[in-house]
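In TrEMBL this protein carries:
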type	residues	note
ACT_SITE	205	active site, proton donor
BINDING	9, 10, 11, 12, 13, 14, 15, 16	NADP(+) binding site
BINDING	105	NADPH binding site
BINDING	190	L-homoserine binding site
DOMAIN	355-432	domain 'ACT'
Ligand code: HSE
């Protein structure tokens with residue numbers, strides 16, 4: 001059988017993994033795909049590295065545009081990353097009738113609507129399993145496996161770097177800055193880890209999942225994004241004492257009024273399976289009306305796990321590229337004319353529970369003042385701890401967990417608590433989800 005020809009743009013870690021796995025499992029993959037999958041061309045700035053990884057018999061070029069316009073190429077795999085040249089190359093590939101496989105979550109979260117619309121018009125596939133949670137087939141699950149369901153919400157640990165940092169902070173009681181340095185030394189965190197630790201990477205992935213879960217456009221610009229840089233070890237410790245673990249979650253929830261799309265540190269009950277996802281591992285919990293809760297767990301990054309997702313997309317395209325475009329699985333799971341423009345709710349309108357830590361003077365009436373404010377705001381307290389003041393100190397910490405309330409309401413109550421003369425400084429607030 002005539003092989004399907006693939007052009008690879010960018011031969012870093014994932015590109016290398018894709019070569020290795022395609023070669024090692026060539027026979028099995030061909031049996032599944034129905035014909036051989038061959039990477040015939042690689043574009044990379046570093047031709048020496050490209051030759052080392054790709055071996056002989058593969059055409060190398062430092063001109064990626066020559067690959068996306070090459071009539072011999074059937075599928076373009078984009079592993080360059082970023083929003084700039086990657087966007088131009090993907091659009092050019094589509095214009096030239098190529099199918100595209102990409103691991104680029106930033107590109108899809110920000111320019112996905114434009115890219116899918118172009119692909120739709122041209123009748124080509126854009127596959128992106130590797131863009132979310134690396135090797136976990138979560139895109140396949142949301143788009144195909146759960147297709148009978150109304151998906152109600154999903155919550156994911158979708159950034160391995162931050163999950164590693166949070167696990168280390170908890171295990172070793174170390175501050176964020178120290179663990180970040182350790183993560184960089186071990187190669188988990190990038191030299192510039194901003195996208196990971198500020199929650200941007202997780203928000204890209206949550207945006208993509210929200211689109212295919214609910215049949216809505218990509219709305220990354222509306223996502224609420226809060227990272228882990230301000231998290232203190234004391235809060236991780238208090239959360240543990242209350243039976244909770246703090247994770248950076250990407251959450252998408254469909255509500256009557258719109259969609260919640262948010263990334264932030266979140267307390268979750270330690271007894272939940274997802275709370276026990278440690279180190280650099282990823283997991284996504286999906287709640288849907290027919291099946292109930294399903295949990296997807298695995299490696300969210302790395303050469304071979306991500307290559308596993310890239311190759312799964314290559315096999316899908318190989319099987320389907322001769323099919324009538326209307327008979328293929330739609331890019332965003334729903335038929336293109338059925339994608340609904342449902343608004344992402346502002347963070348003020350999000351409904352969640354809270355962990356509140358306040359530093360207060362240890363004297364009569366303080367707790368009563370605080371609980372009065374919460375009662376006035378109709379915020380119900382779920383649990384509470386008050387520490388004995390340390391020897392010689394007149395102040396102590398009060399930690400409260402609340403039931404569900406709307407964020408605007410919680411903010412107003414927090415502002416009133418902060419204005420009490422017996423409360424020192426700001427109230428530390430972390431959102432809580434029972435999942
Ligand atoms: N930087 C990501 C992470 C992996 O730490 O999970 C690639 O998406």
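Using the three backbone atoms N, Cα and C, a Cβ is placed for every residue, glycine included.
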For residue 14 (NADP(+) binding site), the three-state DSSP class is helix
Using C-alpha atoms only, work out the spacing between residue 9 (NADP(+) binding site) and residue 105 (NADPH binding site) and round it to an integer in Å.
16
All chains considered, the count of other Cβ atoms within 10 Å of the Cβ of residue 12 (NADP(+) binding site) is 15
On average, what pLDDT score does this prediction assign to the domain 'ACT' (355-432)?
96
Please list, in sequence order, every residue of the chain apart from 9, 10, 11, 12, 13, 14, 15, 16 whose Cβ lies within 8 Å of the Cβ centroid of the NADP(+) site.
8, 17, 18, 44, 53, 79
Residue 13 (NADP(+) binding site) sits from residue 190 (L-homoserine binding site) (Cα to Cα, rounded, in Å) at a distance of 13
Neighbour tally for residue 190 (L-homoserine binding site), based on other Cβ positions within 10 Å of its Cβ:
14
Are there recorded positions among 10, 13, 15, 205 that sit within 10 Å of residue 105 (NADPH binding site), Cα to Cα? If so, list them; otherwise say none.
205
